[in-house]
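> For reference, TrEMBL lists these features for the protein:
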- A:293-324: domain '4Fe-4S ferredoxin-type' (DOMAIN)
- A:358-390: domain '4Fe-4S ferredoxin-type' (DOMAIN)
- A:6-24: transmembrane segment (TRANSMEM)
- A:65-85: transmembrane segment (TRANSMEM)
- A:105-129: transmembrane segment (TRANSMEM)
- A:154-172: transmembrane segment (TRANSMEM)
- A:207-225: transmembrane segment (TRANSMEM)
Amino acid sequence: MNYIPNILFAVALIVGIGYFAKNVKKLIRNIKLGHDVDVSDNTSQRWKNMAMIALGQSKMVKRPIAGFLHIIVYVGFIIINIEVLEIIIDGLAGTHRIFSGIGPLYGVLIGAFEVLAFLVLVSVIIFWIRRNVVKIKRFWANEMTSWPKNDANYILYIEMVLMLLFLVMNATDLKFQEMNNGNVISQFIAPWFSGLSDGTIHIIERSAWWLHILGILGFLNYLYFSKHLHILLAFPNTYYGKVKPKGELDNLESVTNEVKMMMDPSIDPFAAQPESAEAPAKFGASDVQDLNWVQLLNAYTCTECGRCTSECPANQTGKKLSPRKIMMDTRDRLEEVGKNIDANGGTFKEDGKQLLDDYITREELWACTTCNACVEACPVSIDPLSIIMEMRRYLVMEQSAAPMELNNMMTNVENNGAPWPYNQMDRLNWKNE
Amino acid sequence: MSNTTLKVPTMAEYMAEGKQPEVLFWVGCMGSFDDRAKKVTKAFVRLLNKANVDFAVLGTEESCTGDPAKRAGNEFLFQMQAVTNIEVLNAYEIKKIVTACPHCFNTIKNEYPGLGGNYQVMHHTQFLKSLLDEGRLTVEGGQFKGKRITFHDPCYLGRANDVYEAPRDLIRKLDAELVEMKSCKSRGLCCGAGGAQMFKEAEPGNKEVNIARTEQAIDVKPQIIAAGCPFCNTMMTDGVKAKDKESEIEVMDIAELIANAQDL
């Protein structure tokens, strides 16, 4: 017996999965560069969010056309993977269509896969047309430079090829076509090859089979480098996403401690600091390490669909701010920091760069109206607003770099208890006016 | 409009009498100082007086909630304001607060509890709705019967806190024709004032946000744009002026609609 294909298959599988696992470890390490944040609350609500938003795609269908097509591709992706299980067993054991022994149900299953594969193919082609022919605005915004555009198209091409290979593999499987059970779509492709000898058809079938599984392993490894990571990270991201009302911003605990000290007359401000006292934490964020790990997970989860940006009032009126760019910049900088750590034996070496200014400009940050439209629009519970707020906090509290008008407003709040220079003692004057 | 004087007791007066009001009316900075918003404040008070609601204001003891400072990034100033306000509110043993400003509403409801301020907080549209439901206030369409009214969702009431129906229920009670803009409810477009934008010039762009929103409103040909936020009110009023539509479209707070409908 010839074991070479089995061994080759096992090697491909180990290399494919092994390299992916290595990158997942790197991904987790990068995400953990963020601050810790307590996400142990509201577990039942969190599971519900994951079930509804990620599994149930509830936010995708807010835009019905894209939502419907996405559900086809998503369901296809999950269900067709049952077939991958068969391919893996066949590949390792040297069997052929090992599940076909289960009887007529096999035909029903494969038939369903074929229909889905066809629908996925059609959907993916429509997606490609929407991006490249119809040129829907959100796919052509400023932050959609060459890599984001190419990345999106590569994903579509890979999916097209994988679906075609699956259908060709079935169409050229002479035994399977003879069974005439489950070849719902492939029976129409089979005649394309009818002029060829059985031997040639067999070679085509084997090639399609190998390319299909190698393609899947390749695609798996492409994820880490691509926006397509969302197919995995949407699940944890919707679980860890915000469960509080959208309007609620966190109260910075480090500030609370300082404010309490200021308000407490019993504290001696001149008392010597205990030796163990830590240097006060930085307020807000100027780089990715200042963000929390959920915000960094958000960045890796973003699939650059641009729904946030298309709903953003600042972006709609021509300002530079784009919530999608905030997420893309955060990921790009995080990747850069990760590579820096890899290159320097596990520790970050100062590179003179940061998320603020080198990636995200102040003009973008100050254009935000905090309206939460981006947060509402995101189909996978990403919160770009929280990153904008952290960076504003850094600008104001660490750098005193607020726009002048805002400094005036804040001086008024501080002195008069109102954002304008009115006297607090006049607050009830309206009553007699 | 009748000229009966408004009854606006302060917490200090209640305290002196050893009494506790049913609810504290948090007026907010806009409601206290802005000429347009003061009219909303008074309309709401007329309704409270009409419904015999036992309420009080803090008056000169009220101070900015700290919302614009927090959204500008100044967490220190926000927390200083918050802690000071909470001390006052807790000293008066306040349990329930109503406010006509969604920014004050959001801040006191969501951000004060973590700093020791726990109150039941209602937006004035929610409070008016409850007065109607309890039969303490009745509404008739009056001058607004059959008028085309569109409601502009304040971000800090709608998306921020999922309150979409209370203001709409009130408009429906006026027997008015409620029309929705292209972007409404959870997809409502911001007026452009939030996140401390009210206090600064906008960044360079090709349009002001309030103009974009006003255009959406004009598209549905309303006679009245109903607002539920003093900041939105200003932005939409400016937008209507910029579009030369002042003679056709009025911007009014829901409290004004309800009060004016009964000639209060």
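Using N, Cα and C of the backbone, Cβ positions are placed for all residues, glycine too.
Please treat TrEMBL annotations as automatic predictions, because they have not gone through curation.
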> For the domain '4Fe-4S ferredoxin-type' (A:293-324), provide the mean pLDDT of the predicted model.
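Mean pLDDT for the domain '4Fe-4S ferredoxin-type' (A:293-324): 98.
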> Counting only pairs 6 or more apart in sequence, are there at least 3 Cβ pairs under 8 Å between the transmembrane segment (A:207-225) and the transmembrane segment (A:105-129)?
no
> Using a Cβ-Cβ cut-off of under 8 Å, list the residues of the same chain that are 6+ residues beyond the ends of the transmembrane segment (A:65-85) and lie near it.
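Here the qualifying positions are 57, 109-110, 112-113, 116-117, 119-120, 123-124, 126-127, 130, 159, 163, 166, 213, 216, 231, 305.
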> For the transmembrane segment (A:154-172), what are the same-chain contacts with Cβ under 8 Å, counting residues 6+ beyond its ends?
73, 76, 80, 83, 110, 113-114, 117-118, 120-121, 124-125, 127-128, 131, 183, 185-187, 189-190, 192-193, 201-202, 204-205, 208-209, 211-212, 215-216, 218-219, 222, 226-228
> Sort the residues of the domain '4Fe-4S ferredoxin-type' (A:358-390) into helix, strand and coil with DSSP and give the three counts.
18 helix, 1 strand, 14 coil
